[in-house]
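Chemist: Annotations for this protein, taken from TrEMBL, read as follows:
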COMPBIAS  1-11  compositional bias 'Basic and acidic residues'
REGION    1-25  region 'Disordered'
TRANSMEM  58-78  transmembrane segment
TRANSMEM  98-118  transmembrane segment
TRANSMEM  125-143  transmembrane segment
TRANSMEM  149-169  transmembrane segment
TRANSMEM  190-210  transmembrane segment
TRANSMEM  222-245  transmembrane segment
TRANSMEM  283-300  transmembrane segment
TRANSMEM  306-327  transmembrane segment
TRANSMEM  339-355  transmembrane segment
TRANSMEM  361-381  transmembrane segment
């Protein structure tokens with residue numbers, strides 16, 4: 001065989017080897033693809049955990065909303081008729097102001113133990129402790145209707161303020177444990193709605209039940225009526241929680257809750273969860289902005305709570321809370337809605353401040369309503385946005401941190417506004433609130 005023919009044979013054999021290699025590579029690729037498909041089919045064959053929505057979820061959220069109402073009513077109970085309690089107990093206005101501010105102050109040191117207890121024991125234990133404390137506080141107040149027993153009535157108010165720590169951050173947790181993904185924000189807004197409705201009733205009922213009379217014996221009779229009614233309602237709600245309130249549904253409402261249930265308790269660390277939240281920069285920004293917004297709302301509410309303007313702010317806010325909740329369930333636009341509501345809150349505060357001294361009361365009521373609509377509408381929005389930013393952390397912990405920020409800013413703003421009003425008047429006080437925004 002010549003060298004030329006040998007060279008041709010080697011080229012043919014090389015080409016055949018290359019073709020064989022390519023063929024083998026293609027066959028291996030096909031087999032690998034089949035294995036992947038088979039693995040995917042096997043994964044698809046694994047059934048997802050069953051989920052179900054129970055009608056009982058509406059009973060749970062409305063029961064929570066009811067005892068939240070009873071508790072928030074007592075936040076405003078003294079301040080709305082502060083002149084009457086000043087006369088009856090012989091104390092100054094600043095002391096009566098602390099009957100409201102004690103709600104903010106108590107929340108700050110106790111929120112971390114309470115959220116830890118929520119993680120360890122669940123919603124039912126939290127609900128039982130909340131209603132028991134609220135009920136106990138109302139009956140202590142019943143025993144305090146004597147001019148020399150201000151310390152006793154203050155202790156009763158402290159019990160109710162302690163109960164609030166077990167209430168204020170729960171709407172988002174109840175919503176996620178009991179409700180489907182398409183109604184969780186609406187459920188959260190219903191929980192917030194109860195709190196705001198209690199404040200609205202607090203504006204209306206105490207001035208009706210307790211008229212401004214000089215005789216302290218007669219005044220004690222009227223105050224007793226108010227305290228007995230509150231204690232009766234609180235007792236009924238406590239009993240309802242004992243017999244009706246359920247820890248969680250038998251089957252989870254969503255796949256996310258099914259996953260949360262599958263995590264062994266020993267794998268969860270409360271301290272590690274807090275540290276992760278504090279390292280979450282978007283959540284820290286939300287904590288600050290939420291505290292500024294809601295803290296200003298608390299301060300403005302404290303100042304206008306003696307009149308119908310305060311009632312207008314609260315009622316408009318109740319509508320805003322529900323609408324924001326429904327809107328979030330429909331659109332899931334958490335960040336965009338938060339920015340829009342925050343901007344409108346700022347605009348509402350500026351317009352409200354600008355119209356106070358115009359002399360047209362109807363304009364003030366309209367601007368106050370707009371302010372309340374957006375400022376209070378921010379409450380459930382902040383809770384749900386926090387849940388989105390911090391998933392899969394506990395909803396009660398993120399909501400608790402938001403509320404803690406609001407209480408801190410609320411105390412600072414409330415004390416500062418009192419000093420500003422004494423020195424410069426209401427216009428400067430509202431202007432300072434605008435500057436904080």
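The count begins at 1 with the first shown residue.
Just so you know, glycine gets a Cβ as well, placed from its N, Cα and C.
I would like each feature placed in context: is it buried or exposed, what are its neighbours, and how far apart are things?
Modeler: Same-chain residues lying 6 or more positions outside the transmembrane segment (58-78) and placing a CB less than 8 Å from one of its CB atoms are 85, 96, 99-100, 103, 127, 130-131, 134, 137-138, 157, 160-161, 163-164, 167-168, 170-171, 174-175, 178-179, 187, 190-191, 193-199, 201-203, 205-206, 226, 230, 233-234, 237-238, 240-241, 244-246, 305.
Sequence-distant neighbours of the transmembrane segment (98-118) (same chain, 6+ residues past either end, Cβ-Cβ under 8 Å): 75-79, 85, 125-126, 129, 154, 157-158, 160-162, 164-166, 168-170, 173, 270, 274, 298, 302, 394, 396-397, 400-401, 403-404, 407-408, 410-411, 414.
Here the transmembrane segment (149-169) has long-range neighbours at 64, 67-68, 71-72, 74-75, 78, 89-91, 95, 98-99, 102-103, 105-107, 110-111, 114-115, 126-127, 129-134, 136-141, 143, 195, 383, 396, 399-400, 402-403, meaning same-chain residues at least 6 beyond its ends whose C-beta is under 8 angstroms from one of its own.
Counting residues 6+ beyond its ends, the transmembrane segment (283-300) has Cβ neighbours under 8 Å at 104, 277, 313, 338, 342, 345, 349, 371, 375-376, 378-379, 382, 385-386, 389-390, 398, 401-402, 405-410, 412-414, 416-417, 430, 433, 436-437 in the same chain.
Distant neighbours of the transmembrane segment (306-327): 79-80, 82, 185-190, 192-193, 196-197, 199-200, 203-204, 300, 333, 337, 341, 364-365, 368-381, 384; these residues of the same chain sit at least 6 beyond its ends, with a Cβ under 8 Å from one of its Cβ atoms.
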Chemist: If we skip the immediate neighbours and take only residues 6+ beyond the ends of the transmembrane segment (361-381), which ones have a Cβ under 8 Å from one of its Cβ atoms?
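Modeler: That would be 171-172, 185, 188-189, 191-192, 196, 290, 293-294, 296-297, 300, 304, 308-309, 312-321, 323-325, 328, 334, 337-338, 341-342, 344-345, 348-349, 351-352, 355.
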